[in-house]
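The structure that follows is given in the form of structure tokens.
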């Protein structure tokens, strides 16, 4: 692992330019002859705006403190839209929680390979449900599971969603979100988005059967719709789901009577009619191999799973990590983690944290702040810079999630 430390204690929030108090004094004749000169004063606003749009997103906030003119430029709606259109795209960041009972932590920028001190809006503890898409991040509490917030963690803008329908108390819940990427050039800041909730609850007195319901929130109508009410036999829902190309994928887990430990359900959100039962298992997709756990993610509208590969004789014991892409109903292997990286985590449990977007996958062990990245295009594994989060006691857990840093999108 690379041991170089690289982080900045830089709290993220919009920075408002406050002009310093001017100092008045008499100038000498020599001083009066010298005039201050700034190169950017020669540039028209549109050209300066274009130059600033090539800065990394972390530098945009610092640019706003240079002078009033720069602050007005980087705060304008036109600049925010142009910045998001810039060919020098921002890669997804990874947020790592500092402690289990605090929403603060550090965010990692893989382009300049630096960590930033970062506070999240809305969320209270690290065990909340998290889902992200196109700059927006959804948070849902892990207790009552009825407090849902949608936010832009960079600008700190957020809103509260109304309580979803269905069982008030569930055994398992999976949340995902998707921002409508169609017509991106038009009204980028107010693009519509959806939030899905998959609820799973055991049928009273029957461990073999589980009630499962799917609920979808639309930001356009600001309402929830119940899409599916079904009863699964021998399977239950879990906490893993994602939306790709308007198809909701979520993992299900065997409760006995199946050769598969895990499975995948695909539900087309645009073709589901009135809530009905018996339809979910028709779209069952088996896992690529025996997995200890699986993490679903949307990478450029492709469904990707990062899974722990179990031993042949002991499938619950992890021996490696693989990455697959779903094509139709078949899994195509993209990569397997080299053993030197797998062993670099130290002790690796059968379950772990992994998330990704664009073409970048993050993998993190719950027992260590070490963070590994995998570039899907370059097929390249790389450790992140050392995170400033340190392990303070043996049973301390580490977790996090990735999101796209965007300035222009609002919940």
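Cβ coordinates come from backbone N, Cα and C, glycine included.
What Swiss-Prot shows for this protein is this:
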- 37-83: domain 'F-box' (DOMAIN)
- 196-246: repeat 'Kelch 3' (REPEAT)
- 251-299: repeat 'Kelch 4' (REPEAT)
- 302-350: repeat 'Kelch 5' (REPEAT)
- 352-401: repeat 'Kelch 6' (REPEAT)
Taking DSSP states H, G and I as helix and E and B as strand, how many residues of the repeat 'Kelch 3' (196-246) are helix, strand and coil?
0 helix, 42 strand, 9 coil
Looking only at the domain 'F-box' (37-83), how are its residues distributed among DSSP helix, strand and coil?
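Summed over the domain 'F-box' (37-83), the classes give 34 helix, 0 strand, 13 coil.
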Provide the three-state DSSP residue tally for the repeat 'Kelch 5' (302-350): helix first, then strand, then coil.
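So the counts come to 6 helix, 26 strand, 17 coil.
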